[in-house]
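**Q** Pasting in a structure now, in C-alpha cells, and then I'll have a few things to ask.
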Amino acid sequence: MAAAQQSPHQSELTLQGQAYNNEKSDLEDGFAQQPVKPAASSGAPDGGLTAWLVVLGAWCTSFCSFGWINSVGAFQEYYQNDLLKDYSPSTIAWIPSLQIFFIMGMGPIIGKLYDSYGPRWLILVGSFMHVFGIMMASISTEYYQILLSQGVCSAIGVSAIFQPALSVIHGWFDSKRGAAFGILSTGSSIGGVIFPIMVTRLIKEVGFGWSMRICAFIILFLLTIANLTVKSFTPPRPQKISGAQMMKPFRELEFVFCTLGFFFFTFGLFIPIDYLPVQALQAGVNPNLAQYLIPILNAASLFGRIISGILGDKIGRYNIFIVVCYLSAIWILGLWIPCNTQNGLIAFAALYGFCSGAYVSLIAPLVAQISPLQEIGFRSGIVFFVSSIGGLTTNPISGAILEKPNGWVGVKVFAGVFCLVGTTFILAARVHRVGWKIKAAF
C-alpha cells in the first residue's frame, strides 16, 4: 500500500544549467515549458544531530502510516474469512481502498497547509485521528463501523502525519536527500513486517479488539517521538495560491507525465500487497506460511528502498525508478501469473517487494526534482491526490474480477499492465528532459 517517496538542489535538483530546446513541437507549444527557477543555494545542513533527529521522527511516521497500510493483507484475510465473512471480497476491499484514497487524496489540502504553516500542527492532529480511528475500529463489529473508523478516520490522520514528514526532509538535506529518504522509507517496510505478524498472532491469542488496541498504543508511542522531532528547517510563510498557480504544474509536460505515471502505477502497486495471502491460501499454501508472505515482501522492500535511494543520488532517481518499476511489472506478469507453488510465491514476494520499494522511496524526490522548492508540498499533494483515484478503485475492481472465471489470472494481468503503463509515463518524463541518453544521470 503505498510510499515515497525522495533529491539534491544542485542547480535545484539538476534543473539549473539545463536549457530547454527552443524548437518545440505543436504538442509542446500547448504545454509552455517554463524552467523552474530554484534558489541559488538551499543552505541545507545535509547532516548533523538535528537533521537526523528529523529523519528519525519522519521514520516513525513512515512506520505508523504506510507500515500500517502495508499490513492490509492481514486484515483482508481476517475480514474475508471471519469478521466480515458475509460480505463479498469486492465489498470488503472498499476498506483498504478508502484508506489509500484518503491518505493520498488529502494531498493538495495537506500540502497547502504544510507550505503555509509547517508540519507541527498537522502531525499533532493527524496523530490523534490515526490513533482514535484504530481505537474505534477495535470496538467495531459492523462493516460500516470499520469502514468509517479504519477506512476514513485513521486514514485522514495518516495523511496528515505522512506527507508533512516527507516534505520537511527537502529543507534539511541536499546532496544526501535520496539516502535520507531511503532511510525514512524503511519505516514502512519494517512496519509492514511487524504489523502483519503481530496482528495475525494477536487476533488468535487476545482477539481482534485488543489486537487493534495494542497496535494503537505502539503507534501512539512512535508518533509522540515524531511530534517532538519533526520540524521545518526554515520557518513556514503563509501564502495565498491563485487559480493560475494551481494550474501552472499542469502546463509543464514533465509534471503531467509524472502525475499520469504515478496514477496508473498505483492501480497495480497495491494488488499483490492486498491479495497475496488470500491467493496463497486458495492455492493450498500452508496457512502458517501464507501469513508471512506480506512480511517477506516488506522485508525485501526495506533493502529496495535503501539501495534505490542511495543509487538514485549517484546515477539518477528517474533512472533507478524506471528500471525497478519495470521489473515490478515483469515479476507480476512473468512470475506471479504462472506460479501457485509455495516456493514460487515466496520468491515473488521477495522480488516484487525489493523492486516496488523504490516507489515509496523515490516518489517524493521525483516530484521535487522537477519542482521549485516553495511548491514541493503542493505539487506532491497533487500527485498524491491523482494517485488516490487508483488507490480508491483498484481493490474493488480486483474484487469484482476475482468473481469471474479465471479471476486470479485476470487480477494479475490487471496489476502488471497498469504497472507497465505507469512506468512508461515516468520514462516519457525522463525522455522529455534529457532525451534517450542512457548515461544521463536524471
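Any Cβ shown, glycine's included, is placed from N, Cα and C.
TrEMBL does not curate its annotations; it predicts them automatically.
I grabbed these lines from TrEMBL:
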| type | residues | note |
| --- | --- | --- |
| DOMAIN | 50-434 | domain 'Major facilitator superfamily (MFS) profile' |
| TRANSMEM | 49-71 | transmembrane segment |
| TRANSMEM | 91-109 | transmembrane segment |
| TRANSMEM | 121-140 | transmembrane segment |
| TRANSMEM | 146-166 | transmembrane segment |
| TRANSMEM | 178-198 | transmembrane segment |
| TRANSMEM | 210-230 | transmembrane segment |
| TRANSMEM | 255-273 | transmembrane segment |
| TRANSMEM | 293-311 | transmembrane segment |
| TRANSMEM | 318-338 | transmembrane segment |
| TRANSMEM | 344-368 | transmembrane segment |
| TRANSMEM | 380-402 | transmembrane segment |
| TRANSMEM | 408-429 | transmembrane segment |
**Q** Any residues 6+ beyond the ends of the transmembrane segment (380-402) with a Cβ under 8 Å from its own?
**A** 1-2, 88-94, 96-98, 100-112, 159, 163, 166-167, 249, 258-260, 262-268, 270-271, 274-275, 363-364, 367-368, 371, 408, 410-411, 414-415, 418
**Q** Six or more residues out from either end of the transmembrane segment (178-198), which same-chain residues have a Cβ under 8 Å from its Cβ atoms?
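**A** Residues 2-8, 55, 58-71, 73-74, 165-166, 169, 172, 211, 214-215, 291-292, 294-295, 297-299, 301-302, 305-313, 317, 357, 360-362, 364-365.
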**Q** Any chance you could find the range in 49-71, 91-109, 121-140, 255-273, 318-338 with the most Cβ pairs under 8 Å to the transmembrane segment (408-429)?
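**A** By the under-8 Å Cβ criterion, the transmembrane segment (408-429) pairs most with 255-273.
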**Q** Pairs 6 or more apart in sequence, C-beta under 8 angstroms, 3 or more of them: is that satisfied by the transmembrane segment (210-230) and the transmembrane segment (49-71)?
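**A** Contact between the transmembrane segment (49-71) and the transmembrane segment (210-230): present, because at least 3 Cβ pairs are under 8 Å.
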**Q** Hey, which of 49-71, 91-109, 121-140 has the most Cβ-Cβ pairs under 8 Å against the transmembrane segment (146-166)?
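**A** Per the Cβ under 8 Å count, 121-140.
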**Q** What residues in the same chain, six or more past the boundaries of the transmembrane segment (293-311), come closer than 8 Å to it by Cβ-Cβ distance?
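**A** Contacts of the transmembrane segment (293-311) (Cβ under 8 Å, skipping residues fewer than 6 from its ends): 6, 67, 70-71, 73-74, 178-183, 185-186, 188-194, 196-197, 272-273, 276-277, 280, 320-321, 324, 345-346, 349-358, 360-362.
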**Q** Apart from its near flanks, which chain residues at least 6 from the ends of the transmembrane segment (49-71) lie with a Cβ under 8 angstroms of it?
**A** 1-4, 96, 99-100, 103, 123, 130, 154, 158, 161-162, 165-166, 168-169, 172-173, 180, 183-192, 194-196, 199, 215, 219, 222-223, 225-231, 233, 273, 294, 298, 301, 360
**Q** Same-chain Cβ contacts of the transmembrane segment (255-273) under 8 Å, 6 or more residues past its ends?
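**A** Hits for the transmembrane segment (255-273): 1-2, 31, 70, 72-73, 96, 100, 104, 249, 294, 297, 325, 328-329, 332, 336, 348-349, 352, 356, 359, 363, 366-367, 370-371, 379, 382-383, 386-391, 393-395, 398, 411-412, 414-419, 421-426, 428-429, 432.
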**Q** With a Cβ cut-off under 8 Å, give me the same-chain residues at least six positions beyond the ends of the transmembrane segment (121-140) that come close to it.
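**A** That would be 61, 64-65, 110, 113-114, 146, 148-150, 152-162, 164-165, 208-213, 215-216, 219-220, 223-224, 226-227, 230.
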**Q** What average pLDDT does the predicted model assign to the domain 'Major facilitator superfamily (MFS) profile' (50-434)?
**A** 86
